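**Student:** TrEMBL lists 34-52, 64-85, 106-133, 230-247, 279-300, 312-336, 371-391, 412-438, 444-465, 485-507, 527-547 with the feature transmembrane segment. Marked as Na(+) binding site by TrEMBL: GLY40, VAL43, ASN47, SER286, ASN318, LEU383, ASP386, SER387. Here TrEMBL flags CYS145-CYS154 as disulfide bond.
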Amino acid sequence: PVTPELLVSPSSQDGELGSECPEDRGNWTGRLDFLLSCIGYCVGLGNVWRFPYRAYTNGGGAFLVPYFIMLAICGIPIFFMELSLGQFSSLGPLAVWKISPLFKGVGMGTILIVSLVAIYYNMIIAYVLFYLFASLTSDLPWQHCGNWWNTDLCLDHHVIKAGNTTFPVNITNTVSPSEEYWSRYVLHIQGSSGIGDPGRIRWNLCLCLLLSWTIVYLCILKGVKSSGKVVYFTATFPYLILVMLLIRGVTLEGAWKGIRFYLTPQFDHLLSSKVWIEAALQIFYSLGVGFGGLLTFASYNTFHQNIYRDTFIVTLGNAITSILAGFAIFSVLGYMSQELGVPVNQVAKAGPGLAFVVYPQAMTMLPLSPFWSFLFFFMLLTLGLDSQFAFMETIVTAVTDEFPYYLRPKKASFSAVICIALFLMGLILTTEGGMYWLVLLDDYSAGFGLMVVVITTCLVVTRVYGMKRFCRDIHMMLGFKPGPYFRACWMVLSPATMMALLVYNIIKYQPSEYGSYRFPTWAEVLGILMGVLSFLMIPLGMVVAVLREEGTLWERVQQASRPAMDWGPSLEENRTGMYVASLAGSQSPKPLMVHMRKYGGITSYENTAIEVDREMEEEEEEESMM
C-alpha cells in the first residue's frame, strides 16, 4: 500500500531539513545554524566586560559557586522552556501566545523591551567600529597626551617610564590619555551639560551607527537563511581572538598578579545575599532569557531537533567563555597595574569603562599595540553583531508571524523599515550628550520589566497551560518527558528565584549616574516609565483578549486563557492526539495513530505519538469515572 504523505516520518526524508518545516516561513538550512546562532546570541559583550568584574567584586573564585548553582536553578530550565515553546509551535514571541491568548501582552512587552535594547546595543557596536578604524594606524591616537582634546590633567605613562623617575608620581588627580580620548574626543561629552542638553550630533559616530545598522540589515536580509550562515564566522571567530589575547596576556610580566586578583576565593562573600543575587543577574542577562531570541531561533527548527542537548551545550559553553574571558582581561590588567605601579583594583572597571578606556590603555603598553587593539575590537564587533542579529530577528519574526499574508512575502522590505526606524530613534545617542541617554536606556529598558515578563511566562506555562500538558508536548517532540529536575525548577525554584531578584532590584533601587553626573528627576521618571510600560502590556493584552470573547466576565477569562484552536505543531504530520484536525483546512478527521496502524511503518517518533495518545485516553477514562 502507498503511504500517504501525511505519514512520512522525519527518518524517511533523506536528511532534508526543509521538508519538515513550513516553507513560506523559512527555516535553518543546516544542523549547526541553530546551535551557532544560540551560542552567538548568548555569548556577547557582557561575557567580556561584565562577568570578570562581577566575579572579582563578589568573592573571586568563590563567585563560581553561586554562579553555577543559579545556572542550574534559573538559567538551564528557563532556557529549555523557551526553546521548547518555540520549536513546538514554530511561532515567534507574539504568535506563540496562542498557548493562552489572555497573556498575549507578555509577547508585546517582550517586543518593546527588545526594540529599546536594539537601539542602544547597536550604538555600542558603533563605538566599537569607531575604535576599530582608529586602530588602523602605526600609532594609536590614545597613546600620548598633547592632542587638542587633552587637558593639563593628562598623564602619559610612557613619559614617566622613559624618564626613569626615582621619586613616586602622584597619579590620583591625573587622567590617562585613553580616558580623555574616550570622553573628550569620541563622545565630546564636554559639549553637553547633561541629559537635557544633548548638544550637536557627532557625525563620525553617526556614520559608524549607520554602518552598523547596514551590516545588521545585510546579515538578516533573508532571515535565518542569511544570518544562519554569517554566525559560522561571528560565533566562532571571537574564540580564536580570545585564545590569542589569553596567550598574549598570560605571557606578560605581572599577568599572574591580575589572575590571582580575579580568582582568589573569598568564601566569606557567600554568606552575603548580594553575591547570590549578582550571580542570578549575570546568568539571567548573559543567557538572554526573556528577550525572545531563543524562542525565535527555536521556531525555525525541525519538529524533532534535539534541543535538550543543545540547551546544555549553549548554557555551559556560555559559562566557560565568561570564565576564559576573565583570564584574558585580568592577565592584561595585572600587567598594566605593574607597569603603572598601582593595585589591580585601581585599574579594574566594568562595562564601557573597561572596553573603551582601560583595555585600550593596556594595549598601548604592548609591542605591536595597533595589531592587538584591532584584534580586541574586532572580537567585540563579532560578539556584539550576532546578539544584535537575534534582537532584530525577534522583532521581524514576531510581527511577520502576526501578519503572515501581508508581511512574509515582503520580509526584506519590512526588515529595512525596522532598521531605518531604529536607526533614526538612535540618532540621539550620537549627540554630545548621547552617553547619558545610553546609560538611561541600559539601566531601565531591560530591568524589572524583563523579569516580570519571564516570571509571567513561567507561571502561565506551568499553571495556566498546565505542567502535565507542557511535558506531554515535549514528549511528543523529543520522545521523552522532562525529568523531576526540570519540573521542580519550572514549578517552584525558577519563578521563586526570579521573584526574589525582582524584589531585591526594587528594594535596592539606585538612581542612574554616569561618573559624577547625577540624572535629574524627570530623567529618572522617564526611565521608570520605560521599564513599567513593558509589563503594563500584560494587563492591556488581557483587556483586549477578554473583550474579544463572549459571555460573563468569568466565562470570557476562562475562554481567553485556553489555548487557541490552532495551537500546536505547525505541520499536520506532527499533530497527534488532541492536536489532530485542529488546523484550518485539515484533511485528517481521525487521530493520526489510527492512520499509522492502518498503513503500518511505525517509527520511533510515531511510537511516541501512540504513547501520548494512549496516555490521554487513559486520563480521559479516569476523569469520566470520577
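Just so it is clear, glycine is given a Cβ too, placed from its N, Cα and C backbone atoms.
Note that TrEMBL annotation is computational and uncurated.
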**Student:** Counting only pairs 6 or more apart in sequence, are there at least 3 Cβ pairs under 8 Å between the transmembrane segment (279-300) and the transmembrane segment (312-336)?
**Tutor:** yes
**Student:** To the nearest whole angstrom, what is the C-alpha distance linking LEU383 (Na(+) binding site) and CYS154 (disulfide bond)?
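**Tutor:** Spelling it out, the Cα of LEU383 (Na(+) binding site) and the Cα of CYS154 (disulfide bond) are 32 Å apart.
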**Student:** Any contact between the transmembrane segment (527-547) and the transmembrane segment (106-133)? By contact I mean 3+ C-beta pairs closer than 8 Å, pairs at least 6 apart along the chain.
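**Tutor:** Contact confirmed: at least 3 Cβ pairs fall under 8 Å.
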**Student:** Any chance you could find the range in 106-133, 312-336, 444-465 with the most Cβ pairs under 8 Å to the transmembrane segment (371-391)?
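**Tutor:** By Cβ pairs under 8 Å, 106-133 leads among 106-133, 312-336, 444-465.
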**Student:** I need the neighbours of the Na(+) site defined by GLY40, VAL43, ASN47, SER286, ASN318, LEU383, ASP386, SER387. Which other residues of that chain put their C-beta within 8 angstroms of the C-beta centroid, in sequence order?
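**Tutor:** Checked against the 8 Å cutoff, the neighbours are ILE39, TYR41, CYS42, GLY44, LEU45, GLY46, ALA235, THR321.
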**Student:** I'd like to know if the transmembrane segment (485-507) touches the transmembrane segment (444-465) in this structure, counting it as a touch only when three or more C-beta pairs sit under 8 Å and are separated by 6 or more positions.
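**Tutor:** Judged by the Cβ rule, the two regions touch, with the required three close pairs present.
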**Student:** Report the listed stretch (106-133, 312-336, 485-507) having the maximum count of Cβ pairs within less than 8 Å of the transmembrane segment (34-52).
**Tutor:** 312-336
**Student:** For the transmembrane segment (485-507), find every same-chain residue at least 6 residues outside the stretch whose CB is under 8 Å from a CB in it, and list them.
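**Tutor:** For the transmembrane segment (485-507), the sequence-distant neighbours (Cβ-Cβ under 8 Å, at least 6 residues beyond its ends) are 70, 73-74, 76-78, 80-81, 273, 277, 280-281, 284, 447-448, 451-452, 454-455, 458-459, 461-462, 467, 470-471.
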**Student:** Counting every protein chain present, what is the number of Cβ atoms, excluding its own, within 10 Å of the Cβ of SER286 (Na(+) binding site)?
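**Tutor:** For SER286 (Na(+) binding site), the count of other Cβ atoms within 10 Å is 24.
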**Student:** Who sits close to ASN47 (Na(+) binding site): which same-chain residues at least 6 apart have their Cβ under 8 Å from its Cβ?
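**Tutor:** Within the chain, ASN47 (Na(+) binding site) has Cβ neighbours under 8 Å at SER286, ASN318, THR321, SER322, ALA325, LEU383.
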**Student:** Rounded to the nearest angstrom, how far is the Cα of CYS145 (disulfide bond) from the Cα of SER387 (Na(+) binding site)?
**Tutor:** 36
**Student:** Any idea what the Cα distance is from VAL43 (Na(+) binding site) over to CYS154 (disulfide bond), rounded to a whole Å?
**Tutor:** 35
**Student:** By a simple count, how many Cβ atoms lie within 10 Å of the Cβ of VAL43 (Na(+) binding site), its own Cβ left out?
**Tutor:** 28
